[in-house]
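If you check Swiss-Prot, you get these features:
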- G52, S53, S54, G55, S56, G57, K58, T59: ATP binding site (BINDING)
- 16-237: domain 'ABC transporter' (DOMAIN)
Amino acid sequence: MASNDTPAFANNEIMLKCEGLTRIYREGPQDVTVLDALELDVRAGERVAVVGSSGSGKTTLLNLLGGLDRPSAGEVRIAGQSLAEMGEAALGSFRNRHIGFVYQFHHLLAEFSALENVAMPLLIRGQTRQEAQARAREILAKVGMEARGEHKPGELSGGERQRVAIARALVTDPSLVLMDEPTGNLDQTTAGHILALMDGLAAQSACAFIIVTHDPGLAAHQDRVMRLDQGRLSEDA
């Protein structure tokens, strides 16, 4: 169920829209175009896999979609709002309300427990510690980590840390979740549980997912597979 400050979107409404998205980096005397006038629409409740060779720009794309980097040209709109029109403070608040991130490396805070890491986005949002930790326990249970909530990241296995990172991304009931190899550190059974959780969220809360992966099985599980090649996205046959 969507959080009170997250507007409800019906499945099939456009949740994410990219128009002319371009990212150019300066390398010495040359400009290198990583993304070239890219176009993408993702509907609420849709799960889209992005595949492509290493160095094709997949991580750059995720960073632009999440507002962690600014495009050289073009626009990203999420839940009807343009990221380009937001200052840094407004963008940070928007990310907290609308976007969940799961990276290939978990980026958990080492000095906090799993429970505290998962609750952190809700505390930043202004919820009480009691409210935030109750919701964090709920989502940790959904990823099979209810018994490990008091452990710090250094006391967890790689797969456990990844599950905590996934829980942290989902705890705010985001409109959009951006994932970079989300099941890479998980065994097959746990990965299956995570996929089922994603399926349920997409269907029930109209959360959209964009999943960067090299795993053909994970890609095939999604509603669409898009291939990034030479800065452009095309639907994979």
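Cβ coordinates come from backbone N, Cα and C, glycine included.
There are 11 other CB atoms within 10 A of the CB of S53 (ATP binding site), with all protein chains counted. Long-range Cβ neighbours of K58 (ATP binding site) (same chain, at least 6 residues apart, Cβ-Cβ under 8 Å): V50, V51, G52, D180, V212, L228. DSSP classifies S54 (ATP binding site) as coil under the three-state reduction.
Least packed by the Cβ count within 10 Å, out of the binding-site residues G52, G55, is G55.
Under a cutoff of 8 A between CB atoms, and with a sequence separation of 6+ in the same chain, the neighbours of T59 (ATP binding site) are D180, V212.
Model confidence over the domain 'ABC transporter' (16-237) stands at 89, taken as the mean pLDDT rounded to a whole number. Other residues of the same chain near the ATP site, with their Cβ within 8 Å of the Cβ centroid of G52, S53, S54, G55, S56, G57, K58, T59, are L228.
Of all the binding-site residues listed (S54, S56), S54 has the fewest other CB atoms within 10 A of its CB. Secondary structure at T59 (ATP binding site), as computed by DSSP, is helix.
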